[in-house]
Amino acid sequence: MIDLLIIAGPTAVGKTDISIELAEKLNGEIISADSMQIYKYMDIGSAKITKDEMKGIPHHLIDVVEPHEEFNVSSFKALAEKSIKDIWNKGKLPIIVGGTGLYINSLIYNYDFTDADRDEKYREYLTKLAEDKGKEYVHSLLKDIDEESYEKLYPNDLKRVVRALEVYKITGKSISEYTKENEKKLYDIPYNVNYFILNMNREVLYERINKRVDIMMSKGLIEEVKKLESMGYTPDMQSMKGIGYKEVLFYLNGDISLDEAIYLIKKGSRNYAKRQLTWFRKDKRSIWIDKDKYSSEEEIVDKIIKMVKDK
């Protein structure tokens, strides 16, 4: 079984320095789990680690796709699993570092991202049926095959109604039966997981976020977005919808002032951090490290190493 160390946490909590020190002390290589740092040319707005900051530690899944290319959790899982095996086969420790919870979950849960349990044509048929005969009619189709879903779901919740019908068509099972079976497989993964969440006082974290945004602006975030625009990258692209990029685009298009853009970036980043913390609390395997309780980052690193070795 492959040992896997995960260092996660909200934006601006200070994952980078700790992960570098851990990699140095544990003979590891780092795999980024960040949905923005995968894009080339988007360095300032994503707070991408620099070559100097890497201190010679190999980093994976940074600068892997062009900003116009689609990249999703399935793409991440495939690339990350390959990197994990490559690092382990070199006799080194794979260390996942980042704040994109869905990316991390794709590795520590046995999610199936294939289309084995999907039927697009049937979905389209049901969606068209809802348009022609109404959502209530489509909902009524559940009554004889999945009474539990029929009672639990409302006709207006068409997406979930369609999913329940689709699952029954493909598997012959109710959505609840199907879900229970999949839950049993969820923890069937080839990794020995050590999962740490870095956290700190909320007010201090928000101050760090605000300061980080100011630093991004002084480093040239506006110029970075202008350059991306000149390269042909547009607001409708997934990459350009990231926090920091979309607000600067609004400013450059004359929709808002610069002060408003900065305010919105800070607000969006704080809200994102809040959502990240909510997400990370869902996993009972994670160990939370409150940075405020330690006098130095070196102390945190030593604590993590001790817990990993004692496990």
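Backbone N, Cα and C atoms are what each Cβ position is placed from, and that goes for glycine too.
Swiss-Prot lists G9, P10, T11, A12, V13, G14, K15, T16 with the feature ATP binding site. Taken from Swiss-Prot, the feature substrate binding site applies to T11, A12, V13, G14, K15, T16, supported by sequence analysis. Residues annotated as region 'Interaction with substrate tRNA' in Swiss-Prot, with sequence analysis given as evidence: 34-37. According to Swiss-Prot, the feature site 'Interaction with substrate tRNA' maps to T100, an assignment based on sequence analysis.
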From binding-site residues T11, V13, G14, T16, the one whose Cα lies nearest T100 (site 'Interaction with substrate tRNA'):
T11
Please report the DSSP secondary structure of T16 (ATP binding site), reduced to three states.
helix
On the 0 to 100 pLDDT scale, where does the region 'Interaction with substrate tRNA' (34-37) sit on average?
98
On a simple 10 Å Cβ count over all chains shown, which one of the binding-site residues P10, G14 is most densely packed?
P10
With an 8 Å cut-off on Cβ distance to the G9, P10, T11, A12, V13, G14, K15, T16 Cβ center, who else from the chain surrounds the ATP site?
G99, L198
